Amino acid sequence: MVSFKQVRVPLFTAIALVIVLLLAYFLPPRVRGGGRVAAAAITWVPKPNVEVWPVDPPPPVNFNKTAEQEYGDKEVKLPHWTPTLHTFQVPQNYTKANCTYCNTREYTFSYKGCCFYFTKKKHTWNGCFQACAELYPCTYFYGPTPDILPVVTRNLNAIESLWVGVYRVGEGNWTSLDGGTFKVYQIFGSHCTYVSKFSTVPVSHHECSFLKPCLCVSQRSNS
């Protein structure tokens with residue numbers, strides 16, 4: 001019989017053997033049952049590929065289409081808004097004023113024989129017809145023509161926007177109380193428009209009940 005005193009194991013081998021025994025004891029989970037000890041094996045699973053975007057991205061939205069053309073329904077049901085198409089009619093009581101007046105103390109700017117006003121209070125787009133008509137004598141809700149629009153936007157700061165009187169009824173052309181036809185960057189089936197600091201044409205809005213200042217105008221007298 002060989003005693004342990006007679007067995008000579010190199011120091012490095014002894015240390016390695018101790019480490020292996022410790023790892024075998026502590027690392028694998030121990031499953032006890034029926035007097036046996038089973039070690040659970042560790043299996044490495046490669047990380048699955050995660051696609052951050054579909055292979056075929058969705059087609060872009062055609063903003064020149066109405067909601068009915070785009071989605072086959074006259075109403076677009078989204079969590080926070082539901083625009084209904086082609087329901088707008090010009091209020092009969094609010095038309096272009098046939099008189100002259102200019103409040104030189106309150107106008108925002110004057111240009112080409114007209115006085116322009118940005119209302120101090122905010123209104124819905126439909127409410128701008130009444131707000132402008134009641135602002136001062138001879139004022140009405142104005143749709144800026146291409147020569148007037150740059151002057152309007154220069155008087156806005158970078159975060160401002162305001163409702164303008166460019167609209168359409170049904171599938172008709174975009175127009176205003178002054179008449180004519182307007183080019184509009186349109187979305188869905190909206191009938192209301194606004195402009196901001198960097199607008200080059202009026203832009204239709206998906207929610208005409210938002211509150212914004214209104215663009216009003218009155219003709220100046222020649223005297």
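Including glycine, each Cβ sits where the backbone N, Cα and C put it.
Per Swiss-Prot, these features apply:
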TOPO_DOM  1-8  topological domain 'Intravirion'
TRANSMEM  9-29  transmembrane segment
TOPO_DOM  30-223  topological domain 'Virion surface'
DISULFID  Cys99-Cys138  disulfide bond
DISULFID  Cys102-Cys115  disulfide bond
DOMAIN    111-217  domain 'C-type lectin'
DISULFID  Cys128-Cys214  disulfide bond
DISULFID  Cys132-Cys216  disulfide bond
DISULFID  Cys192-Cys208  disulfide bond
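In this structure, Cys192 (disulfide bond) belongs to neither helix nor strand by DSSP; it is coil. Under the DSSP three-state reduction, Cys132 (disulfide bond) is assigned to helix.
In this structure, the disulfide-bonded residues Cys115, Cys132, Cys138, Cys214, Cys216 were compared by how many other Cβ atoms lie within 10 Å of their Cβ, and the smallest count belongs to Cys138. In terms of Cα spacing, the disulfide-bonded residues Cys99, Cys138, Cys192, Cys208, Cys214 that come within 10 Å of Cys132 (disulfide bond) are Cys138, Cys214. Listed in sequence order, the disulfide-bonded residues near Cys128 (disulfide bond) (C-alpha within 10 Å of its C-alpha) are Cys216, out of Cys102, Cys115, Cys138, Cys216.
For Cys115 (disulfide bond) paired with Cys208 (disulfide bond), the C-alpha to C-alpha distance reads 25 Å. When the Cα atoms are compared, Cys208 (disulfide bond) and Cys102 (disulfide bond) turn out to be 28 Å apart.
In this structure, the C-alpha atom of Cys102 (disulfide bond) lies 26 angstrom from that of Cys192 (disulfide bond).
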